[in-house]
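Reviewing the structure listed below.
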Amino acid sequence: MQADRSMKMGHVSNPLSTSAPVDATAGPNLIPDLITKIPWPRWILFIAILAAGVLLVSCLLCVICYCCHRQRHRKQPKDKETVGLGSARNSTTTHLVQPDVECLEPCSGGDQPWGQLLLSLEYDFGSQEIRVGLRQAKNLKAEGTADPYARVSVSTQAGRRHETKVHRGTLCPMFEETCCFLVPPAELPKATLKVQLLDFKRFSEHEPLGELQLPLGTVDLQHVLESWYQLGPPGSTESEQMGELCFSLRYVPSSGRLTVVILEARGLNPGLAEAYVKVQLILNQRKWKKNKTSSKKGTTNPYFNEAFVFLVPVSQLQSMDLVLAVWARGLQLLAEPVGKVLLGPRASGQPLQHWADMLAHARRPIAQWHHLRSPREVDRALALQPRLPLLRPRS
């Protein structure tokens, strides 16, 4: 019985003794056993594992980038050099590219509320001309940013002025433009140079930013002079007294159709009557095509809204000027020009910018307000050639 018991105990103990190594070897084979029990193909499992790994790495990278961005954003207000006009420079139109400038710090003290202007003056005694070099301006007074441009004139030359290009989104424009004015030596002591800084507005009145009035009699013009000048408060301009004209331009290169829409005028002299607008095309300094609007009576702000279409091939655009003139009857019965606007390749300032915008945005109407200029000034800039007489056949 003891033997039977021993045999039974041995028989019972053998399975226990053999089960221990089975459990020891089951650990390393656990993953292969699980893989074999899954009813999917192995390539699907490998793809799932790879996708999970890629997702995990992507989540880690996103967390790291978010932490770095927050840390950089916290440090940015402490660094003054990060202030810039990147978004404003991206809004530049056509060919106007504004150089990088770092002059947006507030003016020190209260003595410079209107900003400063760097100006160069040179007088040529041979040609009796004074050359005015507009270099740059800084710390202009405006809310946020502005689209400044400069307007230059001399008191002894009525109606003659020069306008620079418009510089977008900056308070420190770099002009780098030169203009000349005919001033005899005898008139230098009583001549005054006037430079106006204005903020360009396409559909409203241009906001003055500052003004410089420099008596030329107080300046030593024996040598080239270049220095900074303090801008003062702006005053009334001569063009504001003439009035303004709003019109749109549209050009289609494929058909050569130039559409001019005369919209309205404002600020005309109250003593004028029956105002209308003449539209004239000049080719190679000779009068080419023309048309005019209907007359508007009894108002200083006439509304026209009349369109005119001209056929102008692309090859003739560089030789063509567009002149819009406001005419009205004054004290005399005959109508006379009140003011004109010159557009085309020989224009300057806002009219040149309007012309460039029309060419840059073909098939799209571009509307804008323009200050009227003196008719004599525009005629002098055109330098029209006399018309050639028509040769009639002999009878």
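From the backbone N, Cα and C atoms, a Cβ is placed for every residue, glycine too.
Under the heading topological domain 'Extracellular', Swiss-Prot lists 1-44. The transmembrane segment annotation in Swiss-Prot covers 45-65. The topological domain 'Cytoplasmic' feature in Swiss-Prot is assigned to 66-395; the stated evidence is sequence analysis. The domain 'C2 1' annotation in Swiss-Prot covers 113-229 and rests on sequence analysis. For 241-370, the entry in Swiss-Prot reads domain 'C2 2', with the evidence type sequence analysis.
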Express the predicted model's confidence over the domain 'C2 2' (241-370) as a mean pLDDT, rounded to an integer.
89
In the domain 'C2 2' (241-370), how many residues does DSSP call helix, how many strand, and how many coil?
20 helix, 71 strand, 39 coil
Report the DSSP secondary-structure composition of the domain 'C2 1' (113-229) as helix, strand and coil residue counts.
9 helix, 60 strand, 48 coil
